[in-house]
């Protein structure tokens with residue numbers, strides 16, 4: 001069995017959003033030394049869209065001489081049959097699970113197109129999500145410290161420690177209103193909590209990161225700058241972590257964690273409940 005890394009075309013295909021296909025595909029491919037060239041085809045509901053998809057799968061096979069990987073979810077039987085005739089390896093992301101659930105609960109599935117998160121059916125959920133995203137964007141990177149009473153959580157940390165992507169993920173996936181505030185170089189000489197945070201201590205949560213990883217991230221943004229130097233990163237992290245300990249603020253190290261893992265660990269540590277599923 002091959003162990004060295006290989007490149008492979010990967011298609012995520014659905015007659016819905018294809019988000020489930022992408023999510024499962026990323027998890028599965030993360031177990032292998034594969035460098036995926038990914039293409040997503042959502043809402044494949046017409047012959048025209050399916051024909052274009054089949055052309056791209058065929059082109060991939062002819063160009064590389066190996067079958068691409070296709071993670072898919074298709075409800076319409078005729079379109080599913082046509083898709084499976086293409087030169088590819090296919091992985092139905094729901095079939096085995098749906099069949100098992102059907103057997104366990106003794107009920108036949110009734111699949112429908114785009115069933116999940118319909119705006120008409122779940123309008124309250126939809127608008128809650130939008131409100132959470134808007135609030136989080138308005139409070140990103142210390143832009144605003146107004147309306148902190150509406151925040152579910154306030155993330156603190158040095159610049160580039162993962163606050164913004166974590167905030168947006170928690171807003172989009174969990175419906176949480178997230179504030180994030182960066183401590184910058186000018187804060188290090190007299191590190192303290194802002195007065196605005198004193199009444200919201202129970203919402204504070206810190207993110208930290210290894211100095212080597214932080215240096216690497218900052219070098220990609222501002223190579224050769226003092227901001228990106230390992231010495232500066234070490235100093236900022238030591239100062240901020242000392243603040244977290246002094247003020248009894250819970251924090252985690254994000255160095256080897258994905259955004260999904262960071263967000264889930266925050267929920268676990270704080271006891272926050274998801275508003276959306």
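Each residue's number is its place along the chain shown, starting with 1.
Cβ coordinates are placed from backbone N, Cα and C, and glycine is handled just like the others.
Taking a C-beta cut-off of under 8 Å and a sequence gap of six or more, residue 163 (ADP binding site) has these contacts in its own chain: 141, 155, 156, 157, 180, 181, 182, 207. Annotation source Swiss-Prot lists ADP binding site at 157, 158, 159, 160, 161, 162, 163, 164.
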Sequence gap of 6 or more, C-beta under 8 Å: which same-chain residues meet both conditions with respect to residue 161 (ADP binding site)?
-> 207, 208, 209, 214, 254
Write out, in the order they occur in the sequence, the residues of the chain not among 157, 158, 159, 160, 161, 162, 163, 164 that have a C-beta within 8 Å of the mean position of the C-beta atoms of the recorded ADP site.
-> 180, 182, 207, 209
Across all protein chains in the structure, which of the binding-site residues 160, 162, 164 has the highest Cβ count within 10 Å?
-> 162
Report the same-chain neighbours of residue 159 (ADP binding site): residues 6+ apart in sequence with Cβ closer than 8 Å to its Cβ, ordered by sequence.
-> 182, 183, 184, 218, 227
